[in-house]
Amino acid sequence: MNRIHPFPVLLVDDNDNNLLALSGLLDGVDNLEIVTVTSGEEALRQLLRREFGLVLLDVQMPGMDGYETATLMRANPKTRHVPIVFVTAEMDGAQFAFRGYESGAVDYLVKPIEAVVLHAKVNVFATLFRQRLAIIEFERYVHQVENVLAARRIGPEGQQLRLLIVDDQPANLLALEGMLSDLEDVQLVRANSGPEALRAVLRSDYAAVLLDVQMPGMDGFETAELIRANPKTATLPIIFVTAGMKGRDAQFKGYELGAVDYLIKPLEPAILMSKVRVFCDLYRQRMALEQQSSHLEILVAERTEALRRSADELTESRERYRRLLGAVTHQLFSLRRSGDALRSYGHGSGCEAVTGYPPQAFENDPTLWLTIVPEMDRAQVAARAAAALDNNAISQLEHRIRYADGLPRWVRSTFVRAGTEEAPACDVLIEDIDQRRRVEEDRARLVDQLALATRAARLGIWDWNLATDELVWDERMYQMVGVTPGELGDAHHTWLATVHPDDRALCERAKLQALERDQPYDIEFRVCRPDGTVRYIKADGQVVRNAQGQPMRMTGIHYDITERKQAEEEMRRHRDHLLELVDERTASLLAATKAAETANRVKSEFLAKMSHELRTPLNAVIGFSQLMARTQSLSPDQQRNLEIIHRSGQHLLTLINDVLALSKIEAGGTQLDPADTDLARLLDEVAEMLRIRAQAAGLELSLVLEGIRDEQLAVRVDSVKLRQVLINLLGNALKFTQQGSVQLHVQAEVVNGQSRVAFIIRDTGVGMSRADLQRIFEPFVQVGSHTGEGGTGLGLAISRQYVELLGGELEVESELGHGSMFRFALTLPMASAAPAAPLVLGQVLGLDPSQRGRRVLVVDDDRESQMLLGELLEPLGFVVAYAGDGIEALSRMNSFTPHLVLMDWRMPQLDGLATIRRIRSQADGPQPRIIMCTASAFEEQCTVALDAGADAFLRKPLNVNELYAHIENQLGLHFQRGPAPAQAQGAMAANSVVEVQRDELAALPEEIRIALKEGALALDQHRLAGALAAIEGQHPDLAMRLRHMTAAFRYRELWALLP
């Protein structure tokens, strides 16, 4: 309220030079805001737009002159209070002044205007304007405090103010009193001299002083100077009145002494009245302000005391609110508008229980309270908050929020207007109603389900008010008894009339037991319909009691069980017959189950026997062909025949393995063996293995990797099965593509610690028809016109089963003549560590001299198998003994005391499992290491053998390197070996191993070169092993280096070296 308002003045003149001159004259007035316009019309527009404290208005203007402008201002309630001072240069004379005052002017200035005169008049109106604004602000403030001063306006009705008239001539005093006689509530006080005037103004307050200039003794100027010198009267308005002091110097002196106006006699009454009224109004406003200030001081004192008393209460309340806010489990906060956003503040600790976010999260992001509301509810929530802010509306809304864990949760928000008109706010209370909403949703769902169930079950619902005997039925109840609602009353006895006469006593007894003994109301009875039919009804009911245990009502259900009763009767008639049928069917099922179990056992025994019977001779064929290949004295024809024998044996073994693998898959016996695998290395090896075949066929084989090349991708996967699937699919693509290309496209993406890998195999081959696509994955099926390509027709069937076992699905797209595309995707866990490169060891040459003489007992009923193992072990330095069955083996144990036993499974008299158990049961003497060697192909037999006491398990036909590795591990031996391959030994070892040269291979017999080339092209390790065995006899060093190349899958390099 102490702020000094700028005083806005509107200058109106059609001459820009005049406007500039007037603005210059007003430069000395402090805190003045000047607005200039050049017409009356524009002046009116400005006055309607904003508030002005004074209008300096030119009289002569084209169009709307000053008088017309003033008249329109006085006619408008919005502008009639603005003071108007006319400014003119030519209209001199009383008639023009009268017209100006009649138009509403408060003063009249004639150009040229003196700055001191203009400043004095403007300061008067500035004071009046600021006092009026102060009163408006003060009244608004008082009204906001309590409307205490509503009845205390300016003062008591009829209170008069004083006006002092000072003149030494009684006639002049009388004339002035006459001119001012129309002033209402104004007391005119006379003074005949300057000293008397001074005494008067010191005793009482006056609105203004009309002071004569020429007086004897103390003239008017001296009197005015003394009035201004006294602090009590320094602001008293002084209007000089004179007849003789007309000169400009005298006027200047009057204004310099603090006069607010200077009037020359003779005076015009209208002009005098207008000027005096201005200062009377100014005095009244000042008095009102002082009176209201006094009242306000009293009010402020009272309010200060009240505020002091309530301060402690407020502090305690705030502290209690803070404690409650910390303990409450609801979310409490406030909202304010910031631009277009609603920003929150003041969150308590309860927000974390409701939203999962701590208070600091909301302080950091003031819009988080709305951000966590789902988009479907957000606009409605924001609208409710805005309504509370703008319209003082209190509302509640149930909606969802997104909890900190990302899950949706139901809450109820209450919005209440707070703050002030100048700073509106909104208090928000958010309650967690998620559990209640879920209960309500479950209840509503149960109600719907119950209604649906009652309709579906054709249940009738009834309710009996015991106090009023009113019985209410649903529609189904009326249908059961065959009547309409209007045909039956609503009392209990009317229902009893529908009951079969023979069952009424039963119903009454059940009712009394439920009401008096609180027993369940559960009864079956008959009702008689009007059409004469009888229906059976099942009734269940519950008694509802008050707090004193008195029965108030019964409610329950009826359902028609006529069909059930009829069915029960029919069932009774057929019960014995059905029991006979069940007994017969049970016997049949038992027989069928026994037959199925027998068939399954026979199948398993057949597969085991066939596996053993086929693999046992294959063990000899392949093993001895490898041994014979070392013989240096073989002729070329003998070497070629030996290679044919070895190749045929390997092919037969492959067919047996495929058939057994498919059988195991169908029986659910195939298990995954995941291991840490470098996926990039595996894919490179597969592509490198098959690239030879592609080049031989004139095809382009490409490998496209996405997400793998940049860094090693180590995953856990059964690499053997994945490698077989890729080789099968790529091999088929190469087989059925005459020209063009085959592509393996692999995409890998690591997400949340797992790798999502997609495999796509595309070719430009012959494609397949729709009919072929329907049976492409069937076992033993080869589709299209290329059935002469060879194979068992099991590759795709096995591949599909392996992909499903790995967690994917093998899909195919193809069009006849436009190639094919196979694809599958696997989600693989990441490996715990980067897999190491495979270790490739050199060829076993013999035992270390210090370890020679280790004893090995070979137990096998097949003589060829015994001979093969002897040939493989004795040259290395082992002492080998033989037994043809388990009985003989047990007898040799005491005399031979072997370090190692190589035990066959299937043998006459006593098989391998029983023999192992017998050996392990003997506590005397050291126990040998036992390796079970069997021709069975079933994985589960490995577990059986190890459980029986075997230390290791080998499958026939034996892999020589695998056999040596097991022996070395079981006996803790150290074999003497040839050099390891360069690829496995790094850069230094690579420099020490001589690579295979083209001329070395050119010197080999043609049959061996062909076998090597075909084996490399077909990726057939067994075939290559036979060829290498044939080379080893005459060229052991070359055979060793070639074996290193094949072990590292360097088939492409081998194929390129062969002529």
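Positions of Cβ are set from backbone N, Cα and C atoms, glycine also.
TrEMBL annotations: computationally assigned, not manually curated.
Record features (TrEMBL):
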type    : residues : note
DOMAIN  : 8-126    : domain 'Response regulatory'
MOD_RES : Asp58    : 4-aspartylphosphate
DOMAIN  : 162-280  : domain 'Response regulatory'
MOD_RES : Asp212   : 4-aspartylphosphate
DOMAIN  : 521-573  : domain 'PAC'
DOMAIN  : 609-830  : domain 'Histidine kinase'
DOMAIN  : 855-971  : domain 'Response regulatory'
MOD_RES : Asp904   : 4-aspartylphosphate
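TrEMBL feature annotations superimposed on the structure.
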{"residue": "Asp58", "record": "4-aspartylphosphate", "Cβ within 10 Å": "25"}
{"residue": "Asp212", "record": "4-aspartylphosphate", "Cβ within 10 Å": "27"}
{"residue": "Asp904", "record": "4-aspartylphosphate", "Cβ within 10 Å": "27"}
Counted with DSSP (H/G/I as helix, E/B as strand, rest coil), the domain 'Response regulatory' (162-280) has 51 helix, 25 strand, 43 coil
For the domain 'Response regulatory' (8-126), the DSSP residue counts stand at 54 helix, 25 strand, 40 coil
For Asp212 (4-aspartylphosphate) and Asp58 (4-aspartylphosphate), the CA-to-CA distance in whole Å is 31
Quick note, Asp58 (4-aspartylphosphate) and Asp904 (4-aspartylphosphate): C-alpha atoms separated, nearest Å, by 133
Residues in the domain 'PAC' (521-573) per DSSP class, helix first, strand next, coil last, are 12 helix, 30 strand, 11 coil
Mean per-residue pLDDT in the domain 'PAC' (521-573) works out to 89
